[in-house]
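Per TrEMBL, the features are as follows:
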COMPBIAS  17-34  compositional bias 'Basic and acidic residues'
COMPBIAS  155-164  compositional bias 'Polar residues'
DOMAIN    269-304  domain 'EF-hand'
DOMAIN    305-340  domain 'EF-hand'
DOMAIN    431-466  domain 'EF-hand'
DOMAIN    467-502  domain 'EF-hand'
DOMAIN    508-543  domain 'EF-hand'
DOMAIN    544-579  domain 'EF-hand'
DOMAIN    658-693  domain 'EF-hand'
REGION    17-58  region 'Disordered'
REGION    102-172  region 'Disordered'
């Protein structure tokens, strides 16, 4: 099975007996299919000068031979750099490999093993620029070989220092250390280490096991593409995979040895393509490429180009800082670039937080210490957003199912390490790049390889975005390096990365939203809970009930910790903004047309948008300076009109007009002297009725803090105090703010009690969110879904969500509860048959769960019931749930694939 024309295959020879043993331990089928053992002859020096014998033959040192050896050395180095990217073997495997290595060394020493002599200057070294052979120099301290080795060692040492200085946290992420990988290149490319050492063989086995048959120990040839992509290659031709596989075996399956040989041969082909491209992009033939050429080279290889990642990699490998790379440095560059699968340090940190959130759920449910395979799609969507959901579903489907439609060998006890998660995330980014490229070429009508600003807007619309002029202008200034108002594809891809990182907001909007987040992150934890989110949205003009707040939080809580960080909050606002822009565009087309709207139609359009809160005709006249407006001008006008309404109503603290009327009646009750304020005597009764105790110094201070906060909020809402009334403790609008603060505080206390109860119930965060949606749809709507879209995460419109408070004017009213009759209807909707015995069991269990003040089943009680039903398989609920979940997943997968 060894191709004599590829002498580098001999590197497998020394390790093959161990490899065969490893494979045979796990594959009975190897008895009929194991390849013949490979052998590798030890080189020995010939008596004739300048000649070296291998197995009795002679090795020439002609220029052609030197060039062949140079190509061979480069090929080996590139393959090592590529294969070393595979996730590292576990600690037990490493320890076993180290023990075997030590045993081998001891055996060689006992056999008086002598290291073969090395030529004075190898053909590989002789071919390097500036390393001319000095016949008299030999292998001495001042020989070109020694000088070159020192130079390379110094360069690698500098790279190690640079890598350490970049602040990488490889150990935290479970990745191999970048410094060790640089040493590996040094030891293999310039030293004598084997291409396939034991650790690499074990990493290759991990990939083999990930894609092998569920019922055997072989990998289908149809799965080779997935395995090759997993290793970091870009599959450009299925025919090439078939051709290389045919050189290894005539069967449709491969055992582990054959898989190693396949990867050997496929790497050789890929290497030749890589080297040809490198020389093709070396336009001046200098043996080096510049950064601009490097970006185009990476794109031609199908590698996702991220400029910040290029800069991070160059900071490590470009030791002399000249911005140019020769082929050897390029191999180092690829090692650094691909160390984290092409993701920047900032991206890796964010992805690790998301990964950790899913793992925490897995640990809580005792499913394992890694990301579960069936959670992969959700985790990828959490990283890339809803636009990437079709790509994430395809990748998850490919992981869990083979091309024939059968299930892979991914049991519930298996999971994905963070490194594997990065690999699959790389797959999503590559799929996004392919999607962007299709749309880019579709709108590059003249075939120039560039698009202008007008074409750029069309591309973004086709991808589902509705960008505003200011956003496009700011991002274009960053990515259009030639400043020619045109983008090539690499610049366009960078545009998309920056655009998505900012969630489609311009810099000023980002600053405003981040300022709002910091304002309500009172404990400076960089996270806000559901109640702080409610305060924040009220400040922005959206009064949303607590039930819908939970649902909004669930849509963007990507790390599943029950709170929102600033990035998650920005994503929530982006989803809302996209929904609002669509709504405004529909109004724009209705009242105007596709391109413009007349000023005479603006009043009707504003009434469509804001209803009775639309600006008056005279106000609108002052706001409009032109007879016609395009959509973007119309959107800015609508935003300004809505914001004026928000500021005017901020004093209401999110209460409705009916609630404000009730508060006015309350205020008159405590304002005994009808002075328009509550003095220090009158306030005592108010505080007592509110349950604000004043027994201790700490309680008095807490009450004073709340009063001061209420005054501050009223002042921010534009309420001016009468400074002449020294005895006034609280005015009406300050009372409104105080009531809101008290309600929020009580809700937080109740939330903490519920959180502690939920910890005792073994449901994941996602399951709790799904159950909440079901509970609310039955408790408040009799089984009708409260999500217009039918699935969480598909759409966020705070305007529409806030409008749904019509079901209860009091946003913090009675806790929703589920009656027993509604519970039985819910169970019947799942096609469960509840006989008399089962009904008695259910009634008995309901009496033991948490109930509301009205003696109805609370949400926590509902979860307690669900846990009991699933654990006892009440009325066959497990089978019904599995069928419903499978049907839902299959329907969602088909819908996404059809888009």
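Every residue gets a Cβ built from N, Cα and C, even glycine.
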Interface present between the domain 'EF-hand' (508-543) and the domain 'EF-hand' (269-304) (three or more C-beta pairs under 8 A): no
Long-range neighbours of the compositional bias 'Polar residues' (155-164), counting only residues six or more past its ends (CB under 8 A): 178-179, 182-183, 185-186, 315-317, 319, 332, 336
Tertiary contacts of the domain 'EF-hand' (431-466), as residues 6+ beyond its ends and Cβ separation under 8 Å: 304, 384, 387-388, 391, 394-395, 472, 476, 485-489, 492-493, 495-496, 499, 504, 578, 581-582, 585
Distant-in-sequence neighbours of the domain 'EF-hand' (658-693), which means Cβ under 8 A and at least six residues beyond its ends: 652, 699, 702-703, 706, 722, 725, 727-732, 735-736, 738-739, 742, 809-810
Sequence-remote partners of the domain 'EF-hand' (508-543) [C-beta within less than 8 Å, at least six residues beyond its ends]: 502, 549-550, 552-553, 561-566, 569-570, 573, 642-643, 645-646, 649-650, 653-656, 740, 744, 747-748, 751, 798-799, 801-802, 805, 811
Secondary structure tally of the domain 'EF-hand' (544-579) (DSSP, helix then strand then coil): 25 helix, 1 strand, 10 coil
Helix, strand and coil totals (DSSP H, G, I; E, B; other) for the domain 'EF-hand' (269-304): 23 helix, 3 strand, 10 coil
Three-state composition of the domain 'EF-hand' (467-502), taking helix and strand from DSSP: 24 helix, 3 strand, 9 coil
